[in-house]
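Contents: one structure, followed by commentary.
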């Protein structure tokens, strides 16, 4: 079911656009579809035919996704394993301070060598209402004021569904446009489509290396944009929407944590409308990769920050409960072994 299908379903019951908007907003807030307001009861607003049909509609919406299991973490986050109607599972993560990370695909085709999700390949796309349903399930547990499309999958490979979900959340869902974050490895179609959207989300770009060849090996199926081209396209969008690009950099010890790489970041991002997010790798048992030592991470942040690039450390939420993308699902269903890329540091 997509957004237009839901509106048509309600229209078939006799709902006018005003009725549809109220019902959809109630669902997006995790409330009953016929939830009343302080001033108006449902029976005084919704036609009888609509009220009689809502239980069936509610049943259909509940069937889109259900919570399979919840895994609270010590940092205040909570990882949700969500089961879709065909019994495929995706992950959502409730973040501290009102954030939620949602999945856009079951699996992923990009095949980032340090990502658990990519090991299974792409199994199927997640529909727009399946993404929104992840928000609904989360809102039944706590307030959600920000949604980041950074979970399982590459949003650019499911662009129509992701943009539809963003539009719905940024309108009837009541989430500010800056608080909807589209994360991508850098598909040219993203830079073509986002500027023309009614809801223009913030953009997070997966950089991970300033060396084009190393980035190609780390992200083997990403579009063939050079780091320079990626940053240039990001800067253009940032100036159009007037909020900075978030650049993502998963820190891998001995792979992309050298000063040469940090100098590459300075070369690309100094003077840009950008924030660099350094993300220490979240390892699992038997991993081929490790995160740098804590002292090293602090050194890198200071090195970049003191030279003019706003830099933050973004630890994966829920590190004590399989916090990395796809890890919870992988433990539940098994995963393929990890490939390892070695880099000689100068």
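Just so you know, glycine gets a Cβ as well, placed from its N, Cα and C.
Look at Swiss-Prot and you will find 91 tagged as active site, proton acceptor, backed by sequence analysis.
Residues annotated as domain 'Radical SAM core' in Swiss-Prot: 94-320.
Taken from Swiss-Prot, the feature disulfide bond covers 101-325, and the record attributes it to similarity to another entry. In this structure, residue 101 (disulfide bond) is part of a beta strand by DSSP.
DSSP assigns residue 108 ([4Fe-4S] cluster binding site) to coil, not to a helix or a strand. Residue 108 ([4Fe-4S] cluster binding site) is surrounded by 27 other CB atoms, counting those within 10 A of its CB over all protein chains shown. Residues or ranges marked as [4Fe-4S] cluster binding site by Swiss-Prot: 108, 112, 115.
Sequence annotations record features per position, and here Swiss-Prot assigns S-adenosyl-L-methionine binding site to 153, 154, 183, 206, 207, 208, 282. The Cβ neighbour count for residue 282 (S-adenosyl-L-methionine binding site), using a 10 Å radius over every protein chain in view, is 21. According to DSSP, residue 282 (S-adenosyl-L-methionine binding site) is assigned to coil rather than to any helix or strand.
Taken from Swiss-Prot, the feature active site, S-methylcysteine intermediate applies to 325.
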Subject >> Rounded Cα separation (Å) that holds between residue 282 (S-adenosyl-L-methionine binding site) and residue 115 ([4Fe-4S] cluster binding site) >> reply: 9
Subject >> Cβ neighbours within the same chain of residue 112 ([4Fe-4S] cluster binding site) - under 8 Å, at least six residues apart >> reply: 118, 185, 206, 208, 218, 219, 220
**OP:** Using residue 153 (S-adenosyl-L-methionine binding site) as the reference point, find which of the recorded positions 91, 108, 115 has the shortest Cα-to-Cα distance to it.
**Re:** 108
Original post:
Is any of the recorded positions 91, 101, 154, 207 within 10 Å of residue 108 ([4Fe-4S] cluster binding site) (Cα-Cα), and if so, which, in sequence order?
Top reply: 154
